[in-house]
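Undergrad: One structure is given below, represented as structure tokens, and several questions about it will come after.
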Amino acid sequence: MLNIIRLLAESLPRISDGNENTDVWVNDMKFKMAYSFLNDDIDVIERELEQTVRSDYPLLSEAGLHLLQAGGKRIRPVFVLLSGMFGDYDINKIKYVAVTLEMIHMASLVHDDVIDDAELRRGKPTIKAKWDNRIAMYTGDYMLAGSLEMMTRINEPKAHRILSQTIVEVCLGEIEQIKDKYNMEQNLRTYLRRIKRKTALLIAVSCQLGAIASGADEKIHKALYWFGYYVGMSYQIIDDILDFTSTEEELGKPVGGDLLQGNVTLPVLYALKNPALKNQLKLINSETTQEQLEPIIEEIKKTDAIEASMAVSEMYLQKAFQKLNTLPRGRARSSLAAIAKYIGKRKF
């Protein structure tokens, strides 16, 4: 199945703006410029997020603000706002959807860091590292509860149903990841299902619910859902590639951290096709150190695993563009296209 997907990916045209060596900083600026006209509304979202994570309990507030202030691209809120422009855009309504989805994402990060025993997130200590696992778990739970309370301000039964189904799927994705740690026998289907549940669905629903909350036609919000889904799949695959090709400074965590924590990603699945590498990869376990992993990472980079994974990411990105082209032309569509292009080129 890996070969079939790779052949399909390589048969699609490559996305290019004529400058494949775009500087990381310039690329990041292009990403932010794609939605700069929404900066005032993004500020509204930031204030709402800060207010939502605050609690009467100082420790909860401190932990929540610690994660919030670590930064992040806020891709999900941006997708909510841009998708809302396909209907009757009202920031005072749509902000609740944007905050809800970012809070769910943040809660999943806190829980992820406990599961993976991660010390760093975006270059700063994780909540579990700064406090402990119990504080981290309850902070994540508090954020999830806060997100659900926020969503009650939207009187859209369909949106509530979609959101509840998505949360169930996200939880299943987390459970699958725990179950498959250090399992080098898993297949591509398992990996794709896991990244769909852990990443792609939340981005897909960000696009869909933004449109639903603004009263957009069903045809539009369904197309936006699939655009978000394909972008989300591409985004996670790029994330998994960067775990090998980026630097600790850019990642904000050790290179190869996913593999060290036992998470088998697409580059690893391709690398497993190399018999010698497969034997080395199967020896990785919870006792493996960063120093022991470094030569294996270098060997993976020497194979075609990174290139093959990039081809699959680009295949999903092309599918996203195909869905986007069915939507009405305008500023929102142009911005979504620019963001999707950025995702295919991002370096961190």
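Cβ atoms are placed via backbone N, Cα and C, with glycine included.
A quick note: this is a predicted structure, and the numbers were derived from the prediction, not measured.
Pulled these from Swiss-Prot:
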BINDING   Lys73, Arg76, His105, Arg122  isopentenyl diphosphate binding site
BINDING   Asp112, Asp116  Mg(2+) 1 binding site
BINDING   Asp112, Asp116  Mg(2+) 2 binding site
BINDING   Arg121, Lys198, Thr199, Gln236  all-trans-hexaprenyl diphosphate binding site
Undergrad: Looking only at Cβ atoms, how many others are within 10 Å of the one on His105 (isopentenyl diphosphate binding site)?
TA: 21
Undergrad: Looking at the binding-site residues Lys73, Arg121, which sits with the largest number of other Cβ atoms within 10 Å of its Cβ?
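TA: Of the binding-site residues Lys73, Arg121, the highest Cβ count within 10 Å belongs to Arg121.
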Undergrad: Nearest to Arg76 (isopentenyl diphosphate binding site) by Cα distance: which of the binding-site residues Asp112, Asp116, Arg121, Lys198, Thr199 is it?
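TA: The smallest Cα gap between Arg76 (isopentenyl diphosphate binding site) and any of the binding-site residues is with Thr199.
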Undergrad: Round to a whole number and give the Cα-to-Cα distance in Å for the pair Thr199 (all-trans-hexaprenyl diphosphate binding site) and His105 (isopentenyl diphosphate binding site).
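TA: Approximately 9 Å lies between the Cα of Thr199 (all-trans-hexaprenyl diphosphate binding site) and that of His105 (isopentenyl diphosphate binding site).
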Undergrad: What is the interatomic distance between the Cα atoms of His105 (isopentenyl diphosphate binding site) and Lys198 (all-trans-hexaprenyl diphosphate binding site), given in whole Å?
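TA: Cα to Cα, His105 (isopentenyl diphosphate binding site) and Lys198 (all-trans-hexaprenyl diphosphate binding site) are separated by 9 Å.
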Undergrad: Could you round the CA separation between Lys198 (all-trans-hexaprenyl diphosphate binding site) and Asp112 (Mg(2+) 1 binding site) to a whole angstrom and send it over?
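TA: About 10 Å separate the Cα atoms of these two residues.
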Undergrad: May I ask which residues of the same chain, at least 6 positions away in sequence, place their Cβ under 8 angstroms from the Cβ of Arg122 (isopentenyl diphosphate binding site)?
TA: Ala70, Gly71, Gly72, Gly252
